[in-house]
Amino acid sequence: MAKILIADDSLFQRLVLSKIVKAQQYDFIEAKNGLEALDILRSHKPDLALLDLNMPELSGLEVLEAASQEGLETDIVVITADIQETTRERCFALGARKILSKPPKEQEVLDALNQLISKN
């Protein structure tokens, strides 16, 4: 069974995403800041991460950068309210597989999960 990391400093957003993930019967782990997210990426090696960009400790961009430098193989879907093209380009350059605008629609999250999990 696939394991999903949900990394967001917003408890509400983590609850919304965990409900979607749980309904698909995926296992999930939550992180409330970037440092926790990076630790989980390293230690649990989830199949997929849903990653907010604006988090305390380490930003989502810093997590992406560290994951890229360390060769971590988790597929990462960025979920952000920042829609600037330069931010999107940087996320993709650092290895993000998809970017969803915040708040994401349930179907967008499901499509990303199904597409990237089935690829693995």
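Quick reminder: no glycine exception, Cβ is built from N, Cα and C everywhere.
Copied from TrEMBL, the annotated features are:
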DOMAIN    3-117  domain 'Response regulatory'
MOD_RES   Asp52  4-aspartylphosphate
Subject >> Counts of helix, strand and coil residues, the domain 'Response regulatory' (3-117), according to DSSP >> reply: 55 helix, 25 strand, 35 coil
Original post:
How many other Cβ atoms are found within 10 Å of the Cβ atom of Asp52 (4-aspartylphosphate), counting all protein chains shown?
Top reply: 26
